[in-house]
Structure formats: C-alpha cells, structure tokens
Amino acid sequence: MAVRSSGLMGQRTASGWLPSAIACWALAASAGPALAADPAPASRPAPVVGTLVAGTRPVTQTRQFTGRVQAIDSVALIPRVTAYLDERLFKEGSEVHKGDLLYKLEQGPFQANVLTQQGAVAQAKATTVNSGIQLQRQKNLQNSPAFAKENFDNAVASARGNVGALLSAQGNLQYAQIQLDYTEIRAPIDGRITATAVNPGNVVSPNSGALATIVSQDPMYVLFPVATRDLLAMRSSFASQGGLGAAKLTFTLADGSTYDQTGKLDYVAPTVATNTDTLNLRATVPNPLHGAAESGTGSRTLFDGEFVTVTVGDPQPQTQLVVPRAAVLADQQGTYVYGVDDKGDATRIDITLGDEDGTDVVVRHGLKPGQTFIADGIQRVHLGQKVDAKPMSRDNNAPAAHG
C-alpha cells in the first residue's frame, strides 16, 4: 500500500524540492539589511599646487663645449752642427726670452775653420788685385808694337777667374762663420723651456734629436669641436649681435673654478670632420704671468694640452621666456609643464626648451608670456585632475600648502 505524504513537506516540483527553496528565500529576506553594499568613500580634496605666470627677463644665452689648450708656438731646439755640448745656460722649466743663449757647443774647430777661410779670402784678394794690374798693362799696350792679342786674352781670363775664386773664398768664409754661430743655440721665441734632453759632455748633431723645447705662454689657443647643428644655431643667434667674433668666451678649469680671463673666437675650420659632424673652432685667450719669471717663482694658469670647459655666451643679454627647471616634466612625447584651465583642471602644455640659466630654463616654444603654469606640487598632479591653484611670486617661491 502506497503511503503519500501530506502538506508541503516533501512536495517535489519540476525544479527541485519546494520546501528547500522557500527556506532559502526566507533566510535571505531576514538578512536583507546586513547584505547591502558599503557606502562609497568620500572623495579626496583637490591637491593644492603653486602656480606662476610665465614671464620674460634678460638672459645671457650660453653653450658649453670641451676644449683643449694649445700653445701658439712650440719650438724644438735641434743642433745645426755636430760638436760636443759644452754648457747649458738656463734653468729647466723657466721662462726664456727670444735671443737668450741657452746652449754653447765646442767652438774651437769652427773658429779655426773661420781663420782658414779668412786666409783664403786674403789670398784670393791679392791674386785678384795682381791679375787686375796685369790686365791693365795689356790694355796699355794695345796701341804699341809690343801688343800681343794672345797675352791680352790670357790676362782677361786670369782676371775674371781670380774674381770668381775670390767670391768662392768669401762664400766659404761666410759658411764657416755660420757654422761657428750654430755653436751658440739661442731662444727663437719667448716661452717656457722644458727639461734638457742632453747634458754637457755629450756629442750632439742634427740627427740626435731636440735638446729641449720652448712652448709659448701668452696668449694661448683653446681649440674646441662644435657640432654643425650648434654652429648654425650660434650663427643665427649672433647674426644681429656682431657675428661669432663678438661672442663672449669664458673658461672653466679642471678644478671647477672660472678662469679670470675671457677669450675671443678667431678661427672656424673650413671643413667638417665627417666621422663626428663637427668643426673645430679656436679661441685666443690671455695667459698672464703671476709673479717673477726670472726668479722661478712666476706661474701662469693655463698649460699647453690641458682640458677646459668653454662657455660661449651672447655679447648682450637677450629677453627670453623662462620657467623654473623644477616645473618641467618629460616623457616619451617630449617636455612639458602643467597648466590650469578655467575649470581648475590640470592641462598639459608641450614646450621646447633652450639653455639653462641658473635654476631657470629658457622656453623657446609652447608657453606664452602671461600663461599660468604649475610650478610647485607637480608630483601630486596628473593630467585632467582638479587642482586647488594658489598663485606664487617669483620673488618668494614658497611651496604650496599640502592638501
């Protein structure tokens, strides 16, 4: 006999057991308030940023290059004759002047040769005088029966030959005197002399190399390569200011100090180095002596071969739009600053930068005078964000308050 359950308990529907579904519904209804979503958090206040109005001021535009100091003159002292080196007459490393006697070679053999050539000249002169007398006698006999054409011709030839011999003897004497003069080696220029390479007592010759080298000291050259792009920009910039020759050149030494003399550009190479796309420029700069050169206590600042940083500046300051360097941002699209639109939203202003000037940087394109940009608090800003802009003064760049 089949048993049928009564009531709702155990009643099955097409989708399952009805009592289970009713029970789940009731449980969910009783817990309704507890399962509601949490309320949205309160929105953060707009970050406080400091803004400045873009303005212009006089700026001396500069460009920097690496340069090398080079002496204008450098002369190697090489013997012109072969002889023993008798004396060295200078202090190594001291400054010498043109004409100073630096080395003396053995002179005895050369002095003897000069005397020999002087005797040869004296003999040639006597022979020339005598042949002249003989020629004159033959001329006097031309209208007499004793005149002989053959004797006259011989007298003419002898006189001419003796004149030639005299000239040859005089040439030999002059050469002997030059050789004697070469035994005294003198400074051909003013400058500082290096240490000697050969000491007295050694034999020197034209093939033995330089005894020492003299390097000129004042003024000096500074050579520095400039990319063709930079050179074109400089020419354009200086076109209305007197050209490249009017550029103001200053120099920074290896220790970071600024050299107290300024230079003047005097040469631009006519050809471009194809492997670097640069041209060599050359400046002339004074290198005055500090102290006494003769006592060995004198010194100069620049040395031949040292590296310096060359700063090329405008002859006169130019009015430029500048912004603080700290306000400038950069990404893959380029450099930019944040502006603030009428709604108080941060906007992007793409800019093209020029040279730096202290803590500021020149803006060539993108930002206009009078335009507002964010100068402080940029680390709390992203594009399109609401900001609480607080004007700042360039004279009092106090940080904006942190919100």
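Note: Cβ is positioned from N, Cα and C throughout, glycine not excepted.
In TrEMBL this protein carries:
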- 75-209: domain 'Multidrug resistance protein MdtA-like barrel-sandwich hybrid' (DOMAIN)
- 117-183: domain 'Multidrug resistance protein MdtA-like alpha-helical hairpin' (DOMAIN)
- 219-289: domain 'Multidrug resistance protein MdtA-like beta-barrel' (DOMAIN)
- 321-388: domain 'YknX-like C-terminal permuted SH3-like' (DOMAIN)
- 1-36: signal peptide (SIGNAL)
Summary of DSSP states over the domain 'Multidrug resistance protein MdtA-like barrel-sandwich hybrid' (75-209), given as helix, strand and coil counts: 66 helix, 24 strand, 45 coil
Helix-strand-coil residue split for the domain 'YknX-like C-terminal permuted SH3-like' (321-388), DSSP-based: 6 helix, 40 strand, 22 coil
PLDDT averaged over every residue in the domain 'Multidrug resistance protein MdtA-like beta-barrel' (219-289): 88
Within the domain 'Multidrug resistance protein MdtA-like beta-barrel' (219-289), residues counted as helix, strand or coil by DSSP: 17 helix, 29 strand, 25 coil
